Amino acid sequence: VSTRVRCGRSLDGYPFNPCLTEAQYKEMEEKVSSTLSGLGGELKGTFYPLTGMSKEVQQKLIDDHFLFKEGDRFLQAANACRFWPTGRGIFHNDDKTFLVWCNEEDHLRIISMQ
C-alpha cells in the first residue's frame, strides 16, 4: 500500500501564476531553491531548475515520474505558461519521498509519498 499527499500553496506577496512577471518567476524560484536546499535530515535533497536542465537530469526525472511538462491547453489559455521554463524547478529529497514543484501550476506543489 502506498500513499501520496499533494497540496498547492501560494507564496505571500506574489500574484497568481498568469499575472507573474519574468522577474517574479526568477525571484520565486531563487527563494524556493535556497529555502529547500537548506533542509536537512530526511528532507535533505536537490533542487533542479528547468532552465538549462541537462538531458541526463531531464531523463532521470522522467524515469522517476517527477518531471512536469509545459501546461496543457487550459493552462495555456489561462496565460499560465508565460516565460516557460524560466522560474520553474523541481526539488526532491534523497529518498525520493518528498517533492516540491516550483511554479508548475501553483506557486508550490508539495508532494509527500510513503
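Cβ coordinates come from backbone N, Cα and C, glycine included.
Quantities reported herein were computed from a predicted structural model and do not represent experimental measurements.
Record features (TrEMBL):
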- SER2, THR3, ARG4, VAL5, ARG6, HIS65, ARG109: ATP binding site (BINDING)
- 1-114: domain 'Phosphagen kinase C-terminal' (DOMAIN)
Between the two most separated Cα atoms in SER2, THR3, ARG4, VAL5, ARG6, HIS65, ARG109, the residues recorded as binding ATP, what distance in Å do you get?
19
For a quick check of packing: other C-beta atoms within 10 Å of the C-beta of SER2 (ATP binding site), how many?
5
DSSP-derived structure type at SER2 (ATP binding site), helix or strand or else coil:
coil
Within the domain 'Phosphagen kinase C-terminal' (1-114), what mean pLDDT does the predicted structure show?
94
Reduced DSSP assignment, HIS65 (ATP binding site):
coil
Hey, does DSSP put ARG109 (ATP binding site) in a helix, a strand, or just coil?
strand
Count the other Cβ atoms sitting within 10 Å of the Cβ of ARG6 (ATP binding site), across every protein chain shown.
12
